[in-house]
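Report on the structure given below.
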Amino acid sequence: MKLKAIMSKCEFIIGATHVKSFPNFSIPEIAIAGRSNVGKSSLINAITNNKKNAKTSSRPGCTKQINFYLINKSFMVLVDLPGYGYSKATRATINNYLFLMEYYLLNSKNLLKVILLIDVKVGFKEIDLDFINWLELNHIYYQLVLTKIDRVSKEILDVNINYIKNLNLGFVIYPVISASSKYKQGIGELIYEIAQCIKK
């Protein structure tokens, strides 16, 4: 079966709002993280080839839970983490979903890597670098995806790619992927990288 066909068999399992509601799987998990409004939902819909799998919104900070999606029955679990950095939610709500994120990332036995999205239109913010440093300190592997590349010039894209190369990171997985959910650029490459990670 072709990789895109495998990824398109996507089933929403649960939106977990507390640790006890995390599903108990024994298959590979790959998490998607990023700053609020970076395009996580659009990317999930693009790689699963279904605009309805993840709700998209122009309002930052909409995802306040961890969403679990089962791919192709037993191929893998795609984990949509809440966006960090901006939200009109209460401080208590924000603290809760940040705790959920941290608990999941530190305790999941099946997590292979985090796909970390960076809005290339905005570039790397301090909060992105803080999250990268946290992943590095906790020895969590991650792959960087530059999103919304259709909105910037090649020069700006190259500046961001070179910036990553100069960070001297230890747990980043290459290549850095440049993607546009709108035009499906880089989506095939990302699906391939996901499949390769699971096969290892």
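Cβ coordinates come from backbone N, Cα and C, glycine included.
Of all Cβ atoms in the protein chains displayed, 26 besides its own lie within 10 Å of the Cβ of Val38 (GTP binding site). Look at Val38 (GTP binding site): DSSP puts it in coil. Swiss-Prot lists 34-41, 61-65, 80-83, 147-150, 176-179 with the feature GTP binding site.
Taken from Swiss-Prot, the feature Mg(2+) binding site applies to Ser41, Thr63, supported by sequence analysis.
Look at Swiss-Prot and you will find 26-200 tagged as domain 'EngB-type G'.
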Rounded distance in angstrom between the Cα atoms of Gln65 (GTP binding site) and Ser41 (Mg(2+) binding site): 13
Lowest local Cβ density among Ser41, Gln65, which the record lists as binding-site residues, within 10 Å: Gln65
Neighbourhood of Gly34 (GTP binding site) by C-beta distance under 8 A, where only residues 6 or more apart in the same chain count: Lys40, Gly83, Tyr84, Leu116, Leu117, Ile118, Asp119, Thr147
